[in-house]
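*Asks:* One structure is given below, represented as structure tokens, and several questions about it will come after.
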């Protein structure tokens, strides 16, 4: 009931959200681009379907997830990966970081129609959401399609937990249905248990933000930009917001009194504010220039400030800055991730308003690896660090120890997310025509033909190895090294006497053959004892109907228990192996509604 009320509210919110995106487009045209994606209207090719969807929300989550995404690309070479986000800045960063190795789109507004359209077009086999971006309709409709949703790098502050608790009845089903949650800390795990996450699906896997490294190429490229400056002192103002700029300007002007050749690299958090910061620099007496205007010669020796009006270069700037001020910490923004600076060997300076990264800063503070700003006086800690070279190096070393101690979260999360998700090595492809939707295993059938669902086709190929009769004929086919069973779906009972094989039209993922195919893929990826699906088809017939066909691999030497019992008794070991196989299914919450001796089999090795 509450979800229906929530969906009603979202009906009113959707046009306001679209208007807001359009309004934001005044400063950043990226908000107006791909606007239809916000309503779930994607342009998706067959090769982008049946893969993994990773939602990274914004820039911070995208940066944190980079190592995990890279590992997923390597781990699942045959599965398409789509990364969704909410901001054009994040979209540009994803495109720059991964190129054509992934697809990119906006996650739609959490309205039922938009979400259903999005899932129907993309057809992901699993959804991984970063941190806390949990939307009730997305989780609900993914569950209706048997798409596992996992929450990775999950973090939940006390304040956020209280907020979720106030809408507990609405969100509890979403928390409970999560396939896997990889929490950053024990405190987050405890809060999520209280909200409804199942303890069997909850792991404390650490923080992805620690798994950051600086490629040598970034350091080399950055040094090339400063080749005209000789020995250089550089500090970085990273991810700054309104309310912090004056402190940055004042600090740099004071530092120049002691170090006239010092360079400030200034990287505002949001691209739409590049011009605003440029205007402030223009009104100052400082010599400055934009990153976008640099020539091949690099930064001139007389330049005081380089405005980093670019995307995806923060690691580069951190790698050449002796000290980094991490913005969003002098105002009620909650701070930003300091670990890129740590990984690059840059000393960290921050304000005290860092509630979004409290745990990271606590660990750094315990080792005296962060230097605090008091009363907006940014100049004092900066001056202190540049005046004390040995202390600065000690601070950097302590921070690097904190970083190395907490690395490894991406590998742990990838392992757990894969275990609870429908992502494996089976190469699933989709072939769509005006009347057909076909899923098939490219390992078995690299080039699929519609005739593969025709018994006559296989008869002409002399590939029919036999058949079995029941409600209808089932055909056994030998295709190279693969034995297959071809089955057409028929109606039963009284309905079957007047309607032999047509079913009422429904969403593709719920149609008889496609749903069975997807389920078998999912069970096999969990190492359960089920046959391998090879292909499935939904064929539209008339206006409201469809027919269905499926091809499934024959298990070599498998004989059903009914036939075995007619021939002989089973021994104790065989009965125990059957019981263990059923227990294996139940342990994975798989309960066969029609499990009987006709569909339980033993192979030549007495393996179920």
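Placement of Cβ uses the backbone N, Cα and C atoms for every residue, glycine included.
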*Asks:* In TrEMBL, which of the ranges 6-23, 24-41 has the transmembrane segment annotation?
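*Replies:* From TrEMBL, the annotated transmembrane segment range turns out to be 6-23.
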*Asks:* Measuring CB to CB from residue 61 (active site, proton acceptor), give everything in the same chain under 8 Å that is also at least six residues away in sequence.
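*Replies:* Within the chain, residue 61 (active site, proton acceptor) has Cβ neighbours under 8 Å at 90, 130, 131, 133, 153.
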*Asks:* List, in sequence order, the same-chain residues at least six positions removed whose CB sits under 8 Å from that of residue 209 (site 'Transition state stabilizer')?
*Replies:* 63, 64, 153, 337, 339, 360
*Asks:* Relative to the Cβ position of residue 131 (site 'Transition state stabilizer'), how many further Cβ atoms are located within 10 Å?
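*Replies:* A count of 23.
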*Asks:* DSSP secondary structure for residue 131 (site 'Transition state stabilizer'), reduced to helix/strand/coil, please.
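*Replies:* For residue 131 (site 'Transition state stabilizer') - judged by DSSP and reduced to three states - the answer is coil.
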*Asks:* Can you tell me how the residues of the domain 'Protein kinase' (471-608) break down into helix, strand and coil by DSSP?
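*Replies:* With helix first, then strand, then coil, the domain 'Protein kinase' (471-608) has 44 helix, 38 strand, 56 coil.
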